């Protein structure tokens with residue numbers, strides 16, 4: 001029996017999940033979990049990438065302690081951030097977080113030189129200041145000139161483990177630098193940044209064998225001899241693979257620090273309507289596209305908890321929220337002011353004051369406001385997706401940590417007026433494992449993998465119901481007019 005390890009690292013935590021296929025069912029075991037985050041150093045918010053590597057080795061040592069001497073391994077992380085590699089293969093600096101303020105106004109500045117419509121027609125990717133395109137636009141020229149390669153975070157981890165440099169496609173597409181038609185890094189865009197296309201590793205599809213873990217790591221650490229497979233390295237791409245969807249006319253919501261809501265399509269949509277609504281066409285596994293919108297997600301709730309010194313668990317916060325009427329206050333969860341404020345609680349209160357609403361005071365009121373606003377935003381985006389794609393959406397599959405928030409799931413079902421299916425919460429790691437298993441011949445296809453997922457995990461169901469959607473939508477429109 002083969003053993004598979006998913007290295008799944010998000011913006012706030014990481015984990016190593018051991019998986020195996022037994023009687024056509026996936027069995028998972030969490031081996032190691034660790035915190036992730038950025039710290040302010042050398043003038044920027046930076047990821048502790050060396051510490052992340054140490055946590056991976058700690059997790060792999062725990063796998064070996066279970067008596068497993070050989071395994072298959074895949075890596076997925078958050079997107080857009082990168083490591084610059086020098087001529088000798090060394091890391092030139094710790095990677096800067098997408099939440100760093102260096103890209104403020106970068107979209108505006110770059111698109112004043114290079115038209116938005118032109119960039120969107122080429123890439124099909126939504127405009128966000130955190131995109132790699134804008135990070136590289138403001139990167140230190142000296143570092144860029146010294147860099148031989150630019151590797152996104154999961155590709156860097158794979159490189160450290162195996163010595164092989166690649167640019168996996170699902171994650172590379174989030175850079176806003178891949179040309180949809182040519183299926184390559186766009187030379188014109190890179191030329192505008194004065195970056196040679198050769199600084200990027202060869203584009204590699206999800207499901208490709210990468211290589212074996214280097215001998216030096218087997219000697220330094222007591223870890224299994226691992227075959228590394230390049231999975232869908234963008235965590236959302238893996239989460240979509242791990243979605244237990246069946247049939248047609250469904251949408252997905254990967255709900256975690258970010259909310260990513262969209263549809264899996266066989267071809268991108270980069271027409272005027274998609275451009276106007278700032279939709280993105282991220283590449284998916286096995287020739288698919290993730291037509292989606294990035295929405296600020298549970299990050300806002302996480303920050304409320306942090307401002308409260310974590311006195312309440314997330315379950316307690318949700319319970320407190322249920323004591324208040326929904327939609328008393330509504331915020332635009334995708335307003336840039338909620339990206340990384342000094343104090344999230346104060347920012348929400350100030351927003352409500354500025355938009356003529358009552359001010360939420362308690363932890364329950366604040367949480368209620370955010371969950372209600374998220375559900376409303378999801379419903380509005382599902383409406384827009386239907387208009388742009390011409391496809392009727394009948395089901396929404398919510399995966400990731402947010403699938404455990406029953407209140408948010410039920411509110412979404414009511415506002416959107418469709419059935420909502422919630423779970424599994426570890427869809428990203430599951431999708432990571434499924435791609436490994438397809439590579440190794442244990443699972444036939446992504447469709448077959450999704451059937452196995454449906455048979456392996458409990459999926460919650462939330463029915464649609466009566467709610468004053470049009471009235472709430474009108475109130476939200478008025479709130480937006482204050483901005």
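Using the three backbone atoms N, Cα and C, a Cβ is placed for every residue, glycine included.
A quick note: this is a predicted structure, and the numbers were derived from the prediction, not measured.
Here is what Swiss-Prot says about this protein:
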type	residues	note
ACT_SITE	235	active site, proton acceptor
BINDING	11, 12, 13, 14, 15, 257, 302, 401	ATP binding site
BINDING	79, 234, 235, 236, 294	substrate binding site
DISULFID	352-369	disulfide bond
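A map of Swiss-Prot features onto the structure.
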residue	record	Cβ contacts under 8 Å, 6 or more apart
11	ATP binding site	36, 37, 78, 257, 258, 299
13	ATP binding site	33, 34, 35, 36
14	ATP binding site	7, 8, 33, 34, 35, 36, 52, 55
15	ATP binding site	6, 8, 9, 30, 31, 32, 33, 34, 59, 429
236	substrate binding site	79, 254, 258, 260, 282, 290, 292, 428
294	substrate binding site	126, 128, 258, 259, 260, 280
302	ATP binding site	12, 257
352	disulfide bond	329, 331, 358, 359, 360, 369
Inset, instruction - Quick one: pull the CA-CA distance for residue 234 (substrate binding site) versus residue 401 (ATP binding site), whole Å only. - result: 16
Inset, instruction - Starting from the Cβ centroid of 79, 234, 235, 236, 294, which together make up the recorded substrate site, report each further residue of the same chain whose Cβ lies within 8 Å of that point, ordered by sequence. - result: 78, 171, 174, 237, 254, 258, 260, 282
Legend entry - Site of maximum Cβ density within 10 Å, from binding-site residues 12, 257: 257
Legend entry - Farthest-apart CA atoms of 11, 12, 13, 14, 15, 257, 302, 401, residues recorded for ATP, distance in Å: 18
Legend entry - Alpha-carbon distance [the residue listed as 'active site, proton acceptor'; residue 401 (ATP binding site)] in Å: 13
Inset, instruction - Mind checking which of 79, 401 has the fewest other CB atoms within 10 A of its CB? They're the binding-site residues. - result: 401
Inset, instruction - Could you measure the widest C-alpha to C-alpha distance across 79, 234, 235, 236, 294, the residues recorded as binding substrate, and give it to a whole number of angstrom? - result: 13
